[in-house]
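Student: Found this in TrEMBL, in case it helps:
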type   : residues : note
DOMAIN : 1-58     : domain 'Fibronectin type-III'
DOMAIN : 64-159   : domain 'Fibronectin type-III'
DOMAIN : 163-252  : domain 'Ig-like'
DOMAIN : 259-353  : domain 'Fibronectin type-III'
DOMAIN : 359-454  : domain 'Fibronectin type-III'
DOMAIN : 460-557  : domain 'Fibronectin type-III'
DOMAIN : 561-646  : domain 'Ig-like'
DOMAIN : 657-751  : domain 'Fibronectin type-III'
DOMAIN : 757-817  : domain 'Fibronectin type-III'
Amino acid sequence: RESDHRGWTPVSCTVTRQNATVQGLTEGKAYFFRIAAENIIGMGPFTETTKEIVIRDPITVPDRPEDLEVKAVTKNSVTLTWNPPKYNGGSDITMYVLESRLIGKEKFHRVTKEKMLDRKYTVEGLKEGDTYEYRVSACNIVGQGKPSFCTKPITCKDEIAPPTLDLDFRDKLIVRVGEAFSLTGRYSGKPAPRVIWLKDDIVVKEDDRTKIKTTPTTLCLGILKSVRDDSGKYCVTVENSTGSRKGFCQVNVVDRPSPPVGPVIFDEVHKDHMIVSWKPPLDDGGSEITNYIIEKKDAHKDVWMPVTSATVKTTCKIPKLLEGREYQIRIYAENLYGISDPLLSDEMKAKDRFRVPDAPEQPIIKNVTKDSAVVVWNKPYDGGKPITNYIVEKKETMATRWVKATKDPIFPSTQFKVPDLLEGCQYEFRVSAENEIGIGDPSPPSKPIFARDPIAKPSPPINPEAVDKTKNSVDLSWQPPRHDGNGKIIGYIVEYQKVGDEEWKKANLAADSCPETKYKVTGLTEGLTYKFRVKAVNAAGESEPAYVPDPVEVKDRLEPPELILDANMAREQHVKAGDTLRLSAVIKGVPFPKVSWKKEDHEVSPKADIEVTGVGSKLEIRNTVHEDGGIYSLTVENPAGSKTVSVKVVVLDKPGPPRNLQVSEVRSDSCYLTWMEPEDDGGSVITNYVVERKDVASAQWVAISSSSKKRSHMAKYLIEGTQYLFRVAAENQFGRGPYVETSKPIKAIDPLHPPGPPKNLHHVDVDKTEVSLVWNRPDRDGGAEITGYLVEYQEDGADEWTKFQTVPMLDCVVTGL
């Protein structure tokens, strides 16, 4: 029987030997056996084995252990692991024997005398730098088996390896709410790395739901019953002294969405439909909302009716309502992972809630001009929907058809300037309001208006003042009003009041008798003091008065003359010849001064036009010539005094002719000209001189210099023997003056001089009454051919020379001695 069964199984009942072979046993199972003897009388008692027998092959020593590996090496230790032998020899392994050999030695030595059954051992106390190889043997009850294959030579030194990380999860992970999830992986590195878990850059800590498990080679972060807040970016960092590695996973814990956010807003309510809107859920469950489910319910019934289940908009039209019934709406949000709890609305009655706007009140018309008017109205009730536009219409009072004032929308302003009116026509206006439902009724028509510019009373005149007075009059002056009231100023009313009286008297009865901004009030009493005021008048009436600031005493006044010079009366006035000279000044003084103009203390030229007005004087000379230049003076005089101003007038003209033209150093091909500057330079600097020559036989003058600023010139390139005339003119910026000409022709020839003395005079023969002389030609002939030689003789001791004769040759015989 099997050791764990009670029932016996017969093997054989015909065995006559004292042994038997039991077939059909199962390897590894334990059995009990029993034997009984049998004769013809019957079967005797059984004899049973005392202990169970395990069925196995015959026992030998174990095979060699497998996969001996070095797991860690330091400078003084080596950690080894191995796997058991494939076959233990038929008996359990009782221990392992680990041996080592120092490289360079022959024998292996047992590492420890301990009985090792763990398949991992750390050999300690080694010497840094030594190199060993290791082997391991397995032992059973029979004995020690073959050793494993040796490890590679191992040198004792600290091992360094940067971390490695092999993750079992991807970049993204989607988890349903309530489910568990784990992030696992493997890692390595020497020295052993540190493992850190982060979620959204914050260190993950263990709690009831969060578990972290780290072994020397594996890492794991597990979360039980996940919630939405577990969503985030998870990061695992494996680091040691040689570096670090990171792995990331974006975990999204998904759920059905939260309910839509209320309240449900009834944007539009009508008798047969409503339009509602709501806000999306605060939490979409980590997955995009795929649609909203909208249902409606009659408030008096318990049945919810579907409206739509296929919209992603947060607004919906609820159709097919019965007028007057109250309805309730409920809305669900749905994503891939389920449907939210519902959002319930308040009850709402189906009836028209909006209409077109009411008619505005009668509009008011302002700021009417000849071609425009401003229509102003108040906003009417908008019918429950915002007003989007106003429609302004116009029509002539006698017409029947209303016309839109503009095609453009008018909003939000409640006034509009209507253009393009016809001057003089009478108009009415009305306004309608529009919302998205439609256009409401028009307002009542406005009061009729005529299209013309309005006329108001003008503003008062500006700055009235008393500008002059005599013993019985006062001269007033002012400026027009700033605003004419859109009407033409007809004129002004001037009023005066004797100081002490209350009554104002009109100086002029009608405004049109004073159209100008000045007026002379006459008929006043000498010695009395008066106040004055002025009013502007247009078709609408008189303006408020403007008052002369101070009362005026009526009497003759004396003011000494005063001259206010114009710009043309500066100290020096330059006028170009031929232009017009104008001198003018403003003159003041009471009584008005006597005016006189002088030139160099003499009467001015008769060609001068002199004009004297009540405010000044002007002198004008047309077509000025050089002689019009000089010092002009203006004198004004009255009983209170006199005043004189003067101005130097320079008439800018062409210069006069140069003076004293001389010719010298005449040669056969040149001569030298000199002259003096003109007496009159024309009021401007001489810029250059023009020099010309002319052959006496020719009519044409030829320029030989036109840019010289010097008062001399060498005339070159003359033809020998030709007679020439020369002339010179001066130029300034206003032109060329007259020429000065040489008085007589100049002949181009070299000048003649007496010849030099003959050379080497000596006698060649002497007689008693005559001497024969010879000589050589002189060095210079004086500029002309030698025509002869004059021979003279002197008696020794005498004072005078006696002429003998003139000979043409270079010899002579003097006779008669």
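Positions of Cβ are set from backbone N, Cα and C atoms, glycine also.
Because TrEMBL annotations are produced automatically, they should be read as predictions rather than curated entries.
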Student: What stretch of 1-58, 259-353, 359-454, 460-557 shows the most Cβ pairs under 8 Å to the domain 'Fibronectin type-III' (64-159)?
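Tutor: It is 1-58, which has the most Cβ pairs under 8 Å.
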Student: With Cβ distances under 8 Å as the criterion, find the stretch in 1-58, 163-252, 259-353, 359-454, 657-751 that has the most pairs with the domain 'Ig-like' (561-646).
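Tutor: Comparing 1-58, 163-252, 259-353, 359-454, 657-751: 657-751 has the most Cβ pairs near the domain 'Ig-like' (561-646).
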Student: Is it possible to list how many residues within the domain 'Fibronectin type-III' (64-159) are helical, extended or coil according to DSSP?
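Tutor: The counts are 0 helix, 43 strand, 53 coil.
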Student: Could you tell me the mean pLDDT the prediction assigns to the domain 'Fibronectin type-III' (259-353)?
Tutor: 91
